[in-house]
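These come from Swiss-Prot:
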BINDING   Gly45, Ile46, Ser47, Gly48, Gly49, Gln50, Asp51, Ser52, Thr158, Lys187, Thr209  ATP binding site
BINDING   Asp51, Glu163  Mg(2+) binding site
BINDING   Arg138, Lys171, Asp178, His258, Lys259  deamido-NAD(+) binding site
Amino acid sequence: MTLQEQIMKALHVQPVIDLKAEIRKRVDFLKDYVKKTGAKGFVLGISGGQDSTLAGRLAQLAVEEIRNEGGNATFIAVRLPYKVQKDEDDAQLALQFIQADQSVAFDIASTVDAFSNQYENLLDESLTDFNKGNVKARIRMVTQYAIGGQKGLLVIGTDHAAEAVTGFFTKFGDGGADLLPLTGLTKRQGRALLQELGADERLYLKMPTADLLDEKPGQADETELGITYDQLDDYLEGKTVPADVAEKIEKRYTVSEHKRQVPASMFDDWWK
């Protein structure tokens, strides 16, 4: 088995999917897991990007079905901007599409800035823009877990195969969640599911960005990665990509393995 095939298997990628069946099994997963845990529903941060829009809509479909079947579940969508978000209109469009039971907004700027200032005062150095970006992601995680803890809700994560293969998420930030309904999907498959669900094309054709950096606001994921999502998707779907691209992907996969594992102990083999 080639490394490409091993990665496809490890990340549960299916090169060809049936859109309706894929939506059905992911909604069922959300329903089954929330029932199994005894939680009261879900909470998820909504950025206006493809991934949170898709996960949010699946979550809302799941809680509506649970209620229609006589159960009780709710979904809270959370806006978590740092000051004014450049693409706030897209975030509002996503909320209109998702139709969450409840939407709340929590500006993380005061929390992030207070921490950054305290860090600088105590350690006599400023956080790099990259590390401050990770603080933003982790404050968003803390906020979602605070809401989840208060309301008895599970935190949904938006990680999918094209992010997982590169480790393109913040450890214990957007990587911190209770369940991952998008696991195994490539970026183009996620787009196709949103299209099948009737989302405005603006929500799945827009340029993907983590938007964590003050110095490079709205920087494209592809710029930061040095790899396009089409190249990642082709690789994950078993297609041939240029050798240098495959090498980049496989190197990122190897060095980011710690992000896909629980914290290492002396009894684990994965890090050796």
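Each residue, glycine too, has its Cβ placed from N, Cα and C.
As the structure is a computational prediction, the values presented were derived from the model and not from experiment.
This view paints the features noted in Swiss-Prot onto the structure.
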residue : record                      : contacts (Cβ under 8 Å, 6+ apart)
Gly45   : ATP binding site            : Ser52, Ala77, Val78, Arg79, Leu80, Arg140, Thr143, Gln144, Asp174
Ser47   : ATP binding site            : Leu80, Gln85, Ala91, Ala94, Asp211
Asp51   : ATP binding site            : Thr158, His160, Glu163, Leu182, Gly190
Arg138  : deamido-NAD(+) binding site : Thr170, Phe172, Gly173, Gly176
Asp178  : deamido-NAD(+) binding site : Gly148, Leu154, Val155, Ile156, Gly157
Thr209  : ATP binding site            : Gly49, Gly218, Gln219, Ala220, Asp221
His258  : deamido-NAD(+) binding site : Lys171, Ala264, Trp271
Lys259  : deamido-NAD(+) binding site : Gly167, Phe169, Lys171, Gly175
